[in-house]
Amino acid sequence: MELLKNKILEEGRVLGKDVLKVDSFLNHQIDVELFNEIGKEFKKRFQNKEVTKILTIEASGIGIACITAQYFNVPVVFAKKHEATNMDKDNYEAEIFSFTKNKSYTIKVSKKYILPEDKVLIIDDFLANANAASALISVVEQAKAEVVGVGIVIEKGFQNGRKVIEDKNIKLESLAILESMEDGKVIFKKLT
Ligand code: 5GP
């Protein structure tokens, strides 16, 4: 997706060897027009799939998922990372090791919002080693629903995430795939 790749080149900052900071349009400030194009692109890439629900994780996935959901006319469910006293007690749970925070935490999704008949499209901002995506896939499996695909805005193609998802025979679509970020320079994989 050219628009997204240009935005990454203009505004992305490489931290260390393997973290891309895109706070100016994706993870802190939000470029709504770009999100709108991202939503359209996900609709195009999953147009042959029946989708009844979009599942993501708080916080950065929510904005992308909501705009994408408008093109599918379906609700968004987001997994909660934080304990809340008013959260339902009957939840699906899965553990995630966070790449950026270097610690594990448990996500929760109320059993009310993913049902066995659901066909779920999982959406997230980044794919690194697929820890977050695997936890969301586990939630859908626990609900005995179906994962119809995983849609990612930025995939770090030099990490293991794609293999993890494709080994589960799940369709993965990433709108920009980074081949490397050596010396602070972002190189895209061709054909993304
Ligand atoms: P994974 O679970 O695939 O290992 O990592 C993906 C999750 O970690 C995403 O939800 C994202 O929040 C975060 N993440 C991983 N790598 C990066 C990165 O390079 N930049 C940013 N901003 N977030 C990342």
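Quick reminder: no glycine exception, Cβ is built from N, Cα and C everywhere.
As the structure is a computational prediction, the values presented were derived from the model and not from experiment.
Per TrEMBL, the features are:
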BINDING   L20, N27, K156  xanthine binding site
BINDING   A128, N129, A130, N131, A132  5-phospho-alpha-D-ribose 1-diphosphate binding site
DOMAIN    37-171  domain 'Phosphoribosyltransferase'
Are there residues of the same chain, six or more positions away from K156 (xanthine binding site), whose CB falls under 8 angstroms from its CB, and which are they?
D18, L20, F126, L127, A128, L178, M181
Could you please provide the mean pLDDT value for the domain 'Phosphoribosyltransferase' (37-171)?
95
With an 8 Å cut-off on Cβ distance to the L20, N27, K156 Cβ center, who else from the chain surrounds the xanthine site?
G12, V19, K21, V22, L26, D125, F126, I154
Work out how many Å separate A130 (5-phospho-alpha-D-ribose 1-diphosphate binding site) and N27 (xanthine binding site) at their Cα atoms, rounded off.
18
When the domain 'Phosphoribosyltransferase' (37-171) is classified with DSSP, how many of its residues are helical, how many are strand and how many are coil?
40 helix, 46 strand, 49 coil
How many whole Å apart are the CA atoms of N131 (5-phospho-alpha-D-ribose 1-diphosphate binding site) and N27 (xanthine binding site)?
18
CB neighbours of N129 (5-phospho-alpha-D-ribose 1-diphosphate binding site) within 10 A?
15
Ten-angstrom check, please: count other Cβ atoms within 10 Å of the Cβ of A130 (5-phospho-alpha-D-ribose 1-diphosphate binding site), all chains counted.
26
